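Annotation source Swiss-Prot lists substrate binding site at 100, 175, 222, 223, 224, 225, 226, 331, 332, 333, 334, 335. Sequence annotations record features per position, and here Swiss-Prot assigns ATP binding site to 207-209, 217-222, 291-292, 335-338 based on sequence analysis.
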């Protein structure tokens, strides 16, 4: 029987097992702020490593970059963020609650059975008309008395240096992409890459969201994994399809079920004026379908804007054809926190065992699991041998060492945090140099030589 997966269960497990804690908790917390605990930081790092492995290490096209969070203000003027990076904001006059008008509309669409609920690209007038026509009341107080819809810029503003004036004004970056665009020429020249090629980056971004929520799904501080793939104009739709398929298969290969994913291609009315195509990979979260991965064909918009604003030549000269052009860009953009949450939800399970006992187990792909194995001596008299095994294997893998409690309880603890293998050291180990290794998913056990453990674990990490 399928287990009911709720956000309450996921949040409780994350907090109780050290995946994610509420931020600033001893001071009463900070709304929508989360800290990754000992298991969470290992897990999230594994998610990032998996992405980097497939999108940089194993790709002949792509190279990496780590650009600064703080950039010249003119970067954001050129990109359009200073003038247009905003959400439609409205307040309830009765209870003073604040909402994104487009999210009120989309929630209403979802509640009324719309297969695709989106108000992307709607004007303030369209949003207001829909809210009034459908009598959408305030979710907090049930009244319908709103302020006019206005634009709210999502960037966090700060100042550089000791003076707070227009010259020292700057922003925390709302996306990592612009750092890639402004480094396009430098990366292309030094890496000697020819179009088509991509620049990948993992890094923190910040958005002053009006209505963050759903745990780590939407937060004001978040981490992105973005690729900007530069291609020749006219080949962009072909590359857009290539990266759509590549991203989809990345998720499937890490144990996300296809039935919990859908590919949604944006209609013409949703597309940005500069985009030839945009597609979202959506995941079925406990609270409904939510965007996981955006794959956008941004044409030459970004490089052209920076070329125009900076006065620098950002075109590319094809040495073979002697043709000069501004490359088009395909952008697969993924939130590390959001996809990590999806992996946790996908992995969560409750299994009823013989005798009515229930075990909570996280069926994480071994490549993502915080610990690849746990070393479990049956007796503290076996600690020395167990620590020797730990010392050798820990050179290759992140391991847990647990010698307290019954072996059954220790198995359950490891199941709940997603550890793929439990390695039991018993008194026979001292004689035959063998251990018992238990599989998390099947709970089956087998006896193998200590010398075979490394290859045994390593084989399961491939994807």
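Backbone N, Cα and C define each Cβ position, glycine as well.
A straight line from the CA of residue 292 (ATP binding site) to the CA of residue 226 (substrate binding site) spans 12 Å. Listed in sequence order, the binding-site residues from 100, 222, 224, 226, 332 having a Cα within 10 Å of the Cα of residue 338 (ATP binding site) are 222, 224. In sequence order, 175, 176, 201, 202, 203, 204, 205, 333, 334, 335, 336 constitute the residues six or more apart from residue 224 (substrate binding site) in its chain with CB-CB distances below 8 Å. Residue 218 (ATP binding site) and residue 100 (substrate binding site) have their C-alpha atoms 13 Å apart, to the nearest angstrom. With respect to their backbone Cα atoms, residue 222 (substrate binding site) and residue 209 (ATP binding site) stand 11 Å from each other. Under DSSP, residue 222 (substrate binding site) is assigned to a strand (E or B) in the three-state scheme. Checking Cα-Cα distances from residue 209 (ATP binding site) against the binding-site residues (100, 226, 332) with a 10 Å cut-off leaves 100, in sequence order. Every protein chain shown contributes to the tally, and the Cβ of residue 336 (ATP binding site) ends up with 20 other Cβ atoms within 10 Å.
Most Cβ neighbours within 10 Å, among the binding-site residues 100, 207, 218, 338: 338 holds that distinction in the structure as shown.
Between the C-alpha atoms of residue 332 (substrate binding site) and residue 220 (ATP binding site), the distance comes to 21 Å.
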